[in-house]
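Visitor: The following block contains the structure, expressed as structure tokens.
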Amino acid sequence: MANFSIAQPLSLPRHPTFSNPNQPTTNNERSRHTLSLIDRCADLRQLKQIHAQMVRTGLFNDHYSASKLFAIAALSPFASLDYACKVFDQIPQPNSFTWNTLIRAYASGPDPLRSICVFLDMVSESQCYPNTYTFPFLIKAAAEVSSLSLGQSLHGMAVKSSVGCDVFVANSLIHCYFSCGDLDSACKVFTTIQEKDVVSWNSMITGFVQKGSPDKALELFKKMESEEVKASHVTMVGVLSACAKLRNLEFGRQVCSYIEENGVKMNLTLANAMLDMYTKCGSIEDAKRLFDTMEVKDNVTWTTMLDGFAILEDYEAARDVLNSMPKKDIVAWNALISAYEQNGKPNEALLVFHELQLQKNIKLNQITLVSTLSACAQVGALELGRWIHSYIKKHGIRSNFYVTSALIHMYSKCGDLVKAREVFNTVEKRDVFVWSAMIGGLAMHGCGNDALDMFYKMQEANVKPNGVTFTNVFCACSHSGLVDEAESLFSKMESNYGIVPEDKHYACIVDVLGRSGYLEKAVKFIEAMPIPPSASVWGALLGACKIHANLNLAEMACTRLLELEPRNDGAHVLLSNIYAKSGKWESVSELRKHMRVTGLKKEPGCSSIEINGTIHEFLSGDNEHPMADKVYGKLNEVMERLKSSGYEPEMSQVLQLIDEEETKEQSLNLHSEKLAICYGLISTEAPKVIRVIKNLRVCGDCHSVAKLISQVYDREIIVRDRYRFHHFRNGQCSCNDFW
């Protein structure tokens with residue numbers, strides 16, 4: 001027979017008129033019995049029974065008994081704020097305890113600011129005054145909504161009420177100021193506490209860790225230790241988190257020894273913090289050893305271990321952890337998807353996502369969608385990206401700034417700039433990430449002036465740009481030849497916007513100058529840099545030298561680049577290509593021999609195309625695709641039709657020493673983007689757009705071929721290479737340069 005758990009009615013004291021010998025008879029006995037029943041209450045229905053009986057017997061008029069009932073109604077696991085307010089309204093002249101209880105209930109509820117309204121009623125309508133129990137709850141409400149102005153006002157009121165230095169009030173203020181990002185005020189409050197307790201120290205350590213100052217957290221822990229304050233497990237969790245953020249394995253191990261030597265109470269939260277520290281610091285052996293000895297594990301434990309293997313790119317072990325989990329939750333799936341996506345394995349991330357879709361009773365959340373959208377952006381999976389967008393709308397998933405930015409980024413990188421603009425325009429509130437994503441989308445599509453207009457509109461909307469914003473703006477200027485605009489904005493970065501230029505910004509300006517042919521000016525710019533030029537700076541100059549065939553400067557830039565990154569295969573290939581274009585085949589041979597001897601390999605050209613939700617990849621000269629025969633058959637047909645339309649192969653794009661013209665032409669025809677476009681022609685029909693993603697720069701011959709195909713076959717073709725988009729339609733390319 002099935003067991004059913006049914007809440008039984010409690011034995012309530014009856015009205016004296018109907019009492020029986022087994023029930024309490026005196027008022028004191030009835031009061032004690034009722035209070036014991038309140039403590040044993042299991043649900044709201046039972047509490048209401050007790051409430052009704054208290055009203056009947058007149059016991060509700062007793063302040064202590066009424067307050068006890070009210071506290072359970074407001075703060076118990078089965079609390080109901082609506083019901084608690086009704087009980088509160090029935091209490092004649094509520095005392096400070098009752099007012100504080102109501103304030104506390106609202107401060108911990110879904111609308112924390114309601115506690116402020118209750119506080120104002122308390123001050124204006126009663127004879128009760130705020131005390132050391134009132135302010136911590138009010139300050140908690142300010143922290144919940146991150147209202148610095150409210151926190152400061154409450155701080156001032158606490159000082160005026162002579163409780164500002166109370167340790168409980170001060171600890172709440174520390175937490176509030178950290179929540180609002182005012183670290184200086186939190187530190188000032190901490191210094192005013194005469195008798196700091198462990199919570200005071202913990203609040204500071206945790207605050208520093210959460211607000212990106214883990215080094216200060218460790219300094220404070222050392223000071224705490226020197227003052228012989230006994231640390232708690234909360235202290236240790238904060239300190240271990242700081243070690244994890246700093247990747248400080250040595251100090252992390254010392255903390256683990258400290259925990260054992262000082263008898264700090266170990267619990268699951270602390271064990272998980274230890275595990276997280278080991279994995280983040282790359283000591284998977286220590287993590288595995290701890291994991292195997294843990295008697296109790298929760299999903300955080302399993303997911304932390306999964307993350308640890310993923311950080312080391314041991315995806316097989318990470319997958320084993322996921323498969324071994326007693327109960328897989330969305331956090332674990334997200335960890336694996338994110339690990340693949342962030343480590344340049346978008347196809348694998350999408351495979352895991354498709355597997356997740358088959359799981360029952362697991363709902364996708366914002367983190368899932370953002371990671372998957374980022375993977376879609378990398379491989380150009382527009383159809384899947386569109387499906388995710390529809391899923392968000394259908395299931396009413398709240399589109400926060402991260403989701404919105406990911407959608408804009410996905411549509412932009414998949415070649416649908418119109419849809420990216422549509423997403424941007426439908427959002428009422430936009431933060432710096434949303435604006436930056438849209439500016440970046442315009443930049444990669446060669447819309448330099450539009451990107452600049454967007455940048456200025458962003459300022460009109462009182463949104464302050466960040467470093468990423470400027471990187472995107474400079475990229476837009478680079479591909480549109482907007483040299484003066486880029487130089488002007490760069491000169492104002494620090495003075496007008498408070499952003500100190502970083503290495504990536506210097507590299508962008510070198511790229512802007514170099515692409516526009518100002519090579520000597522770019523060199524002078526590099527020489528005047530206040531920081532040592534990085535590999536990316538020299539790489540930008542080297543790329544510009546290839547565009548403008550400046551061999552001498554290219555050799556200098558490549559030499560400097562290889563001094564910083566000796567195994568940079570891209571630099572070797574770029575210089576080799578410059579030699580080839582200059583006809584210096586001996587130098588090409590020497591450079592390629594050097595690459596063979598040192599084990600450097602050129603990154604193979606790879607192009608991908610999405611057909612019916614599946615990503616198809618082609619390498620140069622690829623024969624592995626199941627439809628390779630049909631692809632090459634289509635390629636032959638395409639090249640014959642193009643030749644009849646006047647196409648002539650650009651032999652200058654052959655960067656190998658090949659004597660026969662026919663062999664040179666075959667070499668050009670084997671480029672991966674041509675194969676992907678041909679697969680698009682046989683797999684789709686007009687007017688469907690053919691979208692191709694290339695991992696390297698599109699060569700000049702492929703660029704010309706794509707233009708002609710768009711005219712001869714009346715198909716719109718969009719190709720995204722390593723640097724930008726190329727839109728081909730009716731024999732024209734929308735990009736105003738071919739850099």
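Numbering starts at 1 and runs along the chain as it is shown here.
Cβ coordinates come from backbone N, Cα and C, glycine included.
As listed in TrEMBL for this protein:
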- 11-32: region 'Disordered' (REGION)
- 17-28: compositional bias 'Polar residues' (COMPBIAS)
- 197-231: repeat 'PPR' (REPEAT)
- 267-301: repeat 'PPR' (REPEAT)
- 329-364: repeat 'PPR' (REPEAT)
- 431-465: repeat 'PPR' (REPEAT)
- 466-496: repeat 'PPR' (REPEAT)
- 646-739: domain 'DYW' (DOMAIN)
Visitor: Cβ under 8 Å to the repeat 'PPR' (267-301), counting only same-chain residues 6 or more beyond its ends: which ones?
Guide: 233, 236-237, 240-241, 243-245, 247-249, 252-253, 255-256, 259, 307-309, 311-312, 314, 325, 327, 329, 331-332
Visitor: With helix taken as DSSP H, G or I, strand as E or B and everything else coil, how many residues of the repeat 'PPR' (267-301) land in each class?
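Guide: Reading the DSSP string over the repeat 'PPR' (267-301) gives 26 helix, 0 strand, 9 coil.
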Visitor: Residues of the same chain, at least six outside the repeat 'PPR' (466-496), with any C-beta under 8 angstroms of its C-beta?
Guide: 432-433, 435-436, 439-440, 442-444, 446-449, 451-452, 455, 458, 502, 504-505, 508-509, 511-513, 515-516, 518, 723-724, 735-737, 739
Visitor: Based on DSSP, tally up the residues of the repeat 'PPR' (431-465) by helix, strand and coil.
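Guide: Its residues fall into 26 helix, 0 strand, 9 coil.
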Visitor: Taking the repeat 'PPR' (466-496) alone, what is its mean pLDDT?
Guide: 95
Visitor: By DSSP, what is the split of the repeat 'PPR' (466-496) into helix, strand and coil residues?
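Guide: Breakdown, helix to coil: 28 helix, 0 strand, 3 coil.
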